[in-house]
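These notes concern the structure reproduced below.
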């Protein structure tokens, strides 16, 4: 086993990478509130894992979506637990994200030279809210349907571009199968991919610049 490790170590310098990841100076003023960002990330990982598990059973059609969710909850082994954890971690992600934003703002973590870290954080907050909006519609029950109808109808008040924007969001003039398909694609593919990329940028900036000092 030692020879195998030495072979990889010689080529990839694994120990140097491990030392860089595990050994980082932590300022003495850091407290438990500085862990909120890590909790958001952990919640996101749980979301990805549980969401991926549910894609094996969920059917993104207006006629089968609700029934497939009921099937997950009542027939699939531990399906109720997987979906419940998905919902709980979603709430945890939103709550800790809000607290994280407040912590960064109140401690001045957005100031020079960390402006871009703040910008990527704001983008991540928008993506997180988008997760909530798109995911809320997927069970395609009364609450989900009317929530989508209201949310997608908001841009209609914008002059000139309002109506085309509503049609772009819904996939048609009215809420229906095209809307559910778009929201499902956004929720399971587009948003997770964008979030992962922006999170990576966010973390790399934090690693490069370190944790901001006290006020």
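Even glycines carry a Cβ here, placed using N, Cα and C.
Cross-referencing 165-185, 186-206 with Swiss-Prot places the feature transmembrane segment at 186-206. Per Swiss-Prot, the range carrying the annotation transmembrane segment out of 53-73, 116-136 is 116-136. For the transmembrane segment (116-136), same-chain residues at least 6 beyond its ends with a Cβ under 8 Å from one of its own Cβ atoms are 40, 47, 90, 93-94, 97, 100-101, 104, 109-110, 143-144, 147-148, 151, 183-184, 186-187, 191, 194-195, 198-199, 201-202, 205-206, 209. Following the DSSP three-state reduction, the secondary structure of residue 100 (heme b 1 binding site) is helix. Of all the binding-site residues given, namely 35, 86, 187, those whose Cα is no farther than the 10 Å limit from the Cα of residue 100 (heme b 1 binding site) are 35. Taking only the Cα positions, the spacing between residue 187 (heme b 2 binding site) and residue 35 (heme c binding site) is 26 angstrom.
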